[in-house]
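Asks: Submitted below is the structure of interest, expressed as structure tokens.
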Amino acid sequence: MAGSSRLLGIAALCLGALVARLFSGTIGGNHLLLAIALGFLLANTVGVPSRLEPGIATHKLWLGAGIVLMGASISVGAIREAGGFVLLAIGLVVVTTVVLVEALSRYVFGLTDRLGSLLAAGSGICGVSAVVAVAGAIRAREEYVAYAAATVLLFDALTIVVYPLVGDLLGLSGQVFGIWAGLSMFSTGPVVAVGFAHSEVAGQWATITKLARNALIGVVVLAYASYYAREQTSATGEDGRETLFGSLRSTLGTLWAEFPKFVLGFLALAALSTLGVFSAGQQASIENAYNWLFLLAFVGLGTEIRIRQLRRTGLTPAIVVLLALLVVSSLSLLLVSVALPTPAVGP
Amino acid sequence: MNEESRLASLAEVRSRWSALERDWQSVVVGVTVVALVSLLDVHIPWAWSW
């Protein structure tokens, strides 16, 4: 029964993907943004029928699979060329975002420390996934998780609309736009969507940058877990000593548990592609396959944007995240534009 | 293979699949597509003609 309702939902995603593809070919418009719009319309007008929900919830699986396949179109040489700068920029952006959101939450707007930390993780690393991962590590209250997740979803919805407009207005090259989106937007789905909506080059850079940023989730979860554990230990006066081996094992365990595994599939395909394993025809088929998988994923992503849910976002958390986003987004755009001023080739 | 053993093996595949976490499932789907394309030469089109 569960299997058949999952199949129904997946069939609905396929139908949405076909309609988006068909409409973009006939009336124009970007197929990825059309797919998101279709999902959004369904969820906010008639609503998603409950029997379709299990299948539609598989959209993150298709996004992950699409990203794995995208590895086959990536040249390791191009990544090596811009990789050092991208990694440095990711480090700067993540630290700046987390510190800024924490400072604004605690010292300017007086939010509770755990809510501030959830907002910081969601804005700094990978959206709702980071909120959920950090919430588990710091034992945050359910209502804080809901607030932080709703705030992140609100900004996912806003940036899907605003980033492509700014990119076109400023005439950004694919590489600059992609790295900028990957550095400063929140969740992986919207980053991939606006990247590929801009251009193939932008989509590839946006995904690579976002994947590298997502890989830091384990480090951030560990940092927050040890910060709140120490706070708890000093408050209760407990002895928090642990053997060095035990501590190292639990650290490595957390890093592995939080690491997004599809990044390994992506890297394996990038390595095979660089070794020239795939013919041009096979590479084209793999590229088409990931474009279809992204379409499925984005119909599902659109259904996640629920206006009623976004209304629940508290005003103060939204202001905190808006201020941080404005600062970090402007600074990262400036950084990327200065460091990579020439139109560059795709990865 | 009789009906009963076919259903049992299907149930086994299903339970193994659901035990995999979503990230690994993404890798399995990706590897399946690559295997279809590179080993069986399956062609996946993007545009179609009527």
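Backbone N, Cα and C define each Cβ position, glycine as well.
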Asks: Would you please say which range out of A:1-23, A:116-138 has the annotation transmembrane segment in TrEMBL?
Replies: A:116-138
Asks: If we call contact 3 or more Cβ pairs under 8 Å (sequence gap 6 or more), are the transmembrane segment (A:85-104) and the transmembrane segment (A:177-199) touching?
Replies: yes
Asks: Sort out for me which stretch, of A:144-165, A:211-229, A:319-340, has the most Cβ pairs below 8 angstroms to the transmembrane segment (A:177-199).
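Replies: That would be A:144-165.
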Asks: Using a Cβ-Cβ cut-off of under 8 Å, list the residues of the same chain that are 6+ residues beyond the ends of the transmembrane segment (A:144-165) and lie near it.
Replies: 33, 36, 112, 114-115, 118-119, 122-123, 127-128, 131-132, 135, 177, 181, 185-187, 189-190, 193-194, 197-198, 304-305, 309-310, 312-314, 317-318, 321-322, 325
